[in-house]
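Colleague: Below are the features listed in Swiss-Prot for this protein:
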type: BINDING; residues: 11-13, 32-37, Glu55, 81-84, 101-102, Gln130, 171-172; note: NAD(+) binding site
Amino acid sequence: MKNFALIGAAGYIAPRHMRAIKDTGNCLVSAYDINDSVGIIDSISPQSEFFTEFEFFLDHASNLKRDSATALDYVSICSPNYLHYPHIAAGLRLGCDVICEKPLVPTPEMLDQLAVIERETDKRLYNILQLRHHQAIIALKDKVAREKSPHKYEVDLTYITSRGNWYLKSWKGDPRKSFGVATNIGVHFYDMLHFIFGKLQRNVVHFTSEYKAAGYLEYEQARVRWFLSVDANDLPESVKGKKPTYRSITVNGEEMEFSEGFTDLHTTSYEEILAGRGYGIDDARHCVETVNTIRSAVIVPASDNEGHPFVAALAR
């Protein structure tokens, strides 16, 4: 049994990490968040210590190191995006391996610095890239490898996850903290595309705002038109008033079944990490580079057949 601490315990994604820790037979012994809305801990690990001040959390973690039976093995990080880097560094320097939510960090330069800290501490950093464990994604990757098509696949990626007025007033709506909508809700999709279709060759942005972004990505084996949004007005008429989220991936005009299979992906990710097969800094580098380019890109009009259909609707 491994001992875990969790940073960002009141966040949206934290319960998935808590359950993954429990479901893999391990123990959450300490948790931290500046907010105290963490009642979920009662149903998962009621014996866990909890702190609302980081200094006390660090002191407790350091004290646990005095006994090998209580010392932390892993620190899981679910804090806001802009705090990932300092929290990862703190976890590694505590002498722990670290598991961090996406996006790992906003820039390749920060990845380089974390690699230095890994070497200094002789500990490992793992990123949650859960779509690599989704059975539909694995099946598509295998199909692409098997077919060895001489032509690039034509892919449309659409992801709309409706958010209310609170969104822009939270850290998620502040691009200095979330790094923008394409990073916050899209980074795992860019990792998925790289995982399936190989190296990125072109990265063009056609539209970006605080609510949505769109562009074109060309990989070794695919041409991808993408559209991401947190605006409910972008939902197709077929789902408006029925579902708050719309997720669609078409490959050569064929809709990929991608509506189920997300429930246990964090647990699968933890199982792989604990078995020594987790995804580290080098695995995350491609998607970090992709979103870093998107954030700084000059917006250009879509060339023929490179613009996502939803972008044309925005211009009307």
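Every residue, even glycine, has its Cβ placed from backbone N, Cα and C.
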Colleague: Below 8 Å Cβ to Cβ and six or more residues apart, same chain only. Which residues does that give for Gly11 (NAD(+) binding site)?
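Modeller: Listed in sequence order: Asp33, Cys78, Ser79, Pro80.
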Colleague: For Lys172 (NAD(+) binding site), list the number of other Cβ atoms lying within 10 Å of its Cβ atom.
Modeller: 19
Colleague: If you count Cβ atoms within 10 Å of the Cβ of Glu55 (NAD(+) binding site), leaving out that atom itself, what do you get?
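Modeller: Here the count is 8.
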Colleague: Just how many other Cβ atoms lie inside 10 Å of the Cβ on Leu83 (NAD(+) binding site)?
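Modeller: I get 16 for this one.
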